[in-house]
């Protein structure tokens, strides 16, 4: 399960209202954090009722009636459900957030698939106007300076507090993304954060031609290096890493987590290797200076760039030019491609996007700073001693990476017909409108509805991460089935669409206020494991497996920048769909696996375009009912 986040802009009041943008007010981080409410534990009865309603469109009647019986048993007075609920409520009283540690562990650190494709999202930024190394270096220098400018706000705790519908949001994730790194384990990973140490790191890592460098980005007086100074340092890095035959040590980080955990323990037995790995882990962030990728047409550029940001294109291209465990890696290609990828454990999309928006604006400014003429030390190249065993691990990781690369099918489209403007004229939430478009596209391809995951932010609560908006509902199913039914009148279809959109808005509202069902059910399940009692039958039930098999894993990640985030599917026969709705166009990234014959990213993207256009046509060709 991925928790790629979503800005839900709503006012928490009884009536559904037009989404409002989060406003920012400068404030001190810690005093602000203390005033945040704790994540509630929803009532057991409410969750069981809502769970049944979400199952209705995706499981058959026989399974549904069996689940009804199990839920009735589970909710009996003095029964299993009540006992687990009390345990959860006790946990909520004792902890800052009853969910956050459990979620970090279950969703990320215990997950043993590679972080590449399966967990870490990529972000494609607008293509840059350069095609040589000077342009690449100049932009990289500006980007580094922009991130350091953002870091100053984090360090001084002057980062403006974000608001959602008048409620302050938890800002904790911003303090987790710099100077942090995931560390592999044999059965469970961990995350290290060096930002809060008494002497926090002052260097970044730069990787070029698979070779890693430590680059100090602060002068001895604590001021950040200027863009010109950074440019000169990057030139030094470039000219001392021209060999292209180096072992791609970074590709080890792309392996299945247990294999990488074993290889990691073996790698760091050597002191030189251990010091080099620690320098990468401690660095504020990583900059990957990529070699050019294969040329493609302008139309395919975004899809190729998405692949570069997600996995690097394979061992022949840039997959060895990464440290996939690093929380933040900015990727700048010699051919003008630009973006980043992030390791998902410490944070969701919005804080990352907020950082991106700041950095992109910063890179557009012309430099006014006079550069001090002090000689700067040579950036230090990190050394690795590669034993035959490590060489074998690298070869295996290369093979596995290339299999993943061949399996991932990604299609990025710019839907240019309209953006948030059209749904808004019809007084509909743009997010709900797009989600209904996805439901319709899927139904047209497969003649059935499927469990759909859309992430909702829980940042109204202290240390909040995400919950699930289940976009497939009884109302969405009624709409998609009616849409292509010739027996149905247009006016009826419009009414069903409006009802489906309203239901989605209501579920969204419920989710951001901590009243969705998925994390609560997970909590009850984990509580049972912690209590060492037998697993309740509702979690062994077919319906539960169906409900958690997300053929559509989706996320809205809005940004001011004209970018798009992308991630892999969470089911072997599923799709990953991420979108950034702009005023007059929408950026979509659709992913699927080639190993599944039933799925095809380009087909899904095309069906999605058609669905959105048909929905607009339906609304515009139907006269409004007279009140």
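Every residue, even glycine, has its Cβ placed from backbone N, Cα and C.
Annotated active site, proton acceptor per TrEMBL: 344, in sequence order.
Other C-beta atoms found within 10 angstroms of the C-beta of residue 427 (CoA binding site) number 9, with every protein chain shown included. According to TrEMBL, the CoA binding site annotation covers 420, 424, 425, 426, 427, 428, 429, 430, 431, 457, 505, 556.
The (R)-carnitine binding site annotation in TrEMBL covers 453, 455, 466. Its Cβ taken as reference, residue 455 ((R)-carnitine binding site) is surrounded by 26 other Cβ atoms within 10 Å in the chains shown.
Annotated domain 'Choline/carnitine acyltransferase' per TrEMBL: 39-610, in sequence order.
With respect to Cβ neighbours within 10 Å, the binding-site residues 425, 429, 466 differ, and 425 shows the lowest count. For the pair formed by residue 420 (CoA binding site) and residue 453 ((R)-carnitine binding site), distance between Cα atoms is given as 21 Å, rounded to the nearest Å. In this structure, the C-alpha atom of residue 455 ((R)-carnitine binding site) lies 13 angstrom from that of residue 344 (active site, proton acceptor).
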